[in-house]
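Data block below; observations after.
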Amino acid sequence: MSSGGLLLLLGLLTLWAELTPISGHDRPKFCYLPADPGECLAHMRSFYYDSESKKCKEFIYGGCHGNANKFPSRDKCRQTCGGK
């Protein structure tokens, strides 16, 4: 296969991976953790996946500790955990 064909295949696979919805079986376990603002006093706009509503929601992160269910953007939350 030519290098152009390989690039096209790679591009199509990447697009497919981005557009394929995440099922509950593929979702990382930390997506089911509750929002945890942590113990520090920073005021950082963050997002977490709410497994009950199946949506990425905004919360304020304090800047330290907390858990892995926090994302810098709604898009990153959706890419990792799915949701709306």
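Cβ coordinates come from backbone N, Cα and C, glycine included.
Bear in mind that the values here come from a model prediction, so they are computed numbers and not experimental data.
Here the candidates are Cys40, Cys64, Cys77, and Swiss-Prot names Cys77 as the disulfide partner of Cys56.
Between Cys64 and the candidates Cys40, Cys81, Swiss-Prot records the disulphide bond with Cys40. Of the candidate disulfide-bonded residues, Cys31, Cys40, Cys64, the one lying closest to Cys77 (disulfide bond) when CA atoms are compared is Cys31. Rounded to the nearest whole angstrom, the C-alpha distance between Cys56 (disulfide bond) and Cys40 (disulfide bond) is 23. Sorting the domain 'BPTI/Kunitz inhibitor' (31-81) by DSSP state (H, G, I as helix; E, B as strand; all else coil) yields 10 helix, 15 strand, 26 coil.
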